[in-house]
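Taken straight from Swiss-Prot:
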REPEAT    147-181  repeat 'PPR 1'
REPEAT    220-254  repeat 'PPR 3'
REPEAT    255-290  repeat 'PPR 4'
REPEAT    291-325  repeat 'PPR 5'
REPEAT    326-360  repeat 'PPR 6'
REPEAT    361-395  repeat 'PPR 7'
REPEAT    396-430  repeat 'PPR 8'
REPEAT    431-465  repeat 'PPR 9'
REPEAT    466-500  repeat 'PPR 10'
REPEAT    501-535  repeat 'PPR 11'
REPEAT    536-570  repeat 'PPR 12'
REPEAT    606-640  repeat 'PPR 14'
TRANSIT   1-57  transit peptide
Amino acid sequence: MPASSLLPPTLLPHRHRLRLPPAGCSTSSSPSATRYDFDPLLSYLSTTSSSPSPPPTSVLPVTESRLAASYAAVPAREWHALLRELAATDASLPLAFALLPFLHRHRLCFPLDLLLSSLLHSLSVSGRLLPHSLLLSFPPSLSDPPSPLLLNSLLAASAAASRPAVALRLLGLLREHSFLPDLASYSHLLASLLNTRDPPDAALLDRLLGDLRESRLEPDAPLFSDLISAFARARLPDAALELLASAQAIGLTPRSNAVTALISSLGSARRVAEAEALFLEFFLAGEIKPRTRAYNALLKGYVKIGSLKNAEQVLDEMSQCGVAPDEATYSLLVDAYTRAGRWESARILLKEMEADGVKPSSYVFSRILAGFRDRGEWQKAFAVLREMHASGVRPDRHFYNVMIDTFGKYNCLGHAMDAFDRMREEGIEPDVVTWNTLIDAHCKGGRHDRAIELFDEMRESNCPLGTTTYNIMINLLGEEQRWEGVEAMLAEMKEQGLVPNIITYTTLVDVYGRSGRFKEAVDCIEAMKADGLKPSPTMYHALVNAYAQRGLADHALNVVKAMRADGLEASTVVLNSLINAFGEDRRIAEAFSVLQFMKENGLRPDVITYTTLMKALIRVEQFEKVPVIYEEMITSGCAPDRKARAMLRSALRYMKHMRVA
């Protein structure tokens, strides 16, 4: 039977490759005239590529040994040509990776690391991504030790495939084998973080920056730009500003898109004065002419603080400078009008937008809908939809995602599912944001069984699961105390090449702590530290609060001490939980000592602080002290809330009852 008939259908296009010369043919003919038949080899590899790792060469089957001997005369360039052909399609790509160890075992071509690096480079040049399954299953190198060339090639492929966890492991291997990572390694890793939908994880960025400084590599302007962009997207404008200053100190100017990202981050943090100063320094006072995106970043800040006058002035200045506003510009202004309750002004702006030749898209209407959502006016979602249809604009995936989120936030799960069904009826495929929003809404609405059903439907739809998806499910399973499910979900997340972020670890600490599984909660913090990540104040607060709920004041105090040992200052929120822990344990003196500590360290007690102290006093029946604390709260400028007033009434009622008795 011909060898080509043994090949799977997906590999038949490769059967025409070079043929072996017939017996008796002169071997002195030019290589280009020589033909080699690779059909038997491809057929053999197609049946063995899914098998476990092959045995050492000394115990290889006779078939493979004979097959290898028949290809001993094939020159290196022909192996390269075959690899390129196999890498040309996703169907035959696994076969290309099966060929590499075959060549290595029989020493048929030069070092495997170089071959693999060449293959990865070919994929990169063609703009194709290395399949995730291959990234996870293929070893970093089939040689020992691995070469830095191969590790960097795999790192770049992992980054291109948006698999930062795999890229991080490869960076760790570089350091483990005492190879000095180059700037490209960090650039590739930052690219993988910036190419994801979610903001980069702050702890991961800190770890990367620390590693870069430890390696004593001097970042160039592109790497500084990537670092600034990453920290800005992670909502860490102070770190981004520090990096900007470091770049300027050595005479480097970051790319304009990095500066724009930083202006946007400052605006989002309501630090508009700093955003203005940066805009003036780099764009108006500098040699770089501001583009639409830079103006939009500044405009975003004005919208955030509700400064409509300044927002409108930005549009005027753009017109004077000859910079055309785009859809995002108008969207931000429409958003500002909607948030200010000026729906008619928003409608007028939509007409101006069309007059300027910028047709409003679904995104503009999604911003209007988001404005109503944030103002609590979810019922106006239907009016926005009507206005859309009147303007001849069809809802897209993003609009439906905002609509589902709007209904989900106000527990209108029926409307959310209707929007989801309508979306699919219109041929719009839900993405990871759609599924996450819908699953999370059902979790928060207490519909856990339905949330799990939706998660299963998401899997069946082949929609890729993201870190946020796993975080939602870990929280759900933790609330139901399904601990095996929690561990399985975390393991699956890592197997998919996703990096557990600060939210993942905080969720784990919270669900373990609230269930009294304190050992597991502490283990999570230690595991995070072992991974080189820094626990956040939120994580420590979750653990302090968990101990407080069970009256374990000493344990809560130890967590606060550990927090300070890690260089984190305890916030008012954390110390309020510590006061609650002492109160639950009936240790009033210690509870008031925390109040004194707050005053001495410049932390302003809030209404929760005083309410928690009043609750502690009532618990130990020191009712007469409650009015004193209530008076101190008012004197300090804290407005009593309903709970504080209820505490006072309760104490006064007990005091009156005791006097009567």
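We count from 1, first residue shown onward.
Backbone N, Cα and C atoms are what each Cβ position is placed from, and that goes for glycine too.
When Cβ-Cβ distances below 8 Å are used as the criterion, the repeat 'PPR 4' (255-290) is approached by residues 221-222, 224-226, 228-229, 231-233, 235-237, 240-241, 244, 296-298, 300-302, 304-305, 307, 321, 323 of the same chain, each at least six residues removed from its ends. Sequence-distant neighbours of the repeat 'PPR 8' (396-430) (same chain, 6+ residues past either end, Cβ-Cβ under 8 Å): 361-363, 365-366, 369-370, 372-373, 376, 378, 381, 385, 388, 437-438, 440-442, 444-445, 447, 461, 463. A contact links the repeat 'PPR 1' (147-181) to the repeat 'PPR 10' (466-500), because at least 3 Cβ pairs that are 6 or more residues apart lie under 8 A. With a threshold of 8 Å between CB atoms, the same-chain residues lying at least 6 positions outside the repeat 'PPR 7' (361-395) that come near it are 327, 330-332, 334-335, 338-339, 341, 346-347, 350, 353, 401-403, 405-407, 409-410, 412, 415, 423, 426, 428. Only residues 6 or more beyond the boundaries of the repeat 'PPR 10' (466-500), in the same chain, are considered here, and those with a CB under 8 A from a CB of the stretch are 132, 135-136, 158, 163-166, 168, 196-198, 201, 204, 432, 435-436, 439-440, 443, 448, 451-452, 455, 458, 507-508, 510-512, 515, 517, 520.
Residues 572, 575-576, 579-580, 582-584, 586, 588, 591-592, 595, 598, 647-648, 650-652, 654-655, 658 of the same chain, all 6+ positions outside the repeat 'PPR 14' (606-640), place their C-beta atoms under 8 angstroms from a C-beta of that stretch.
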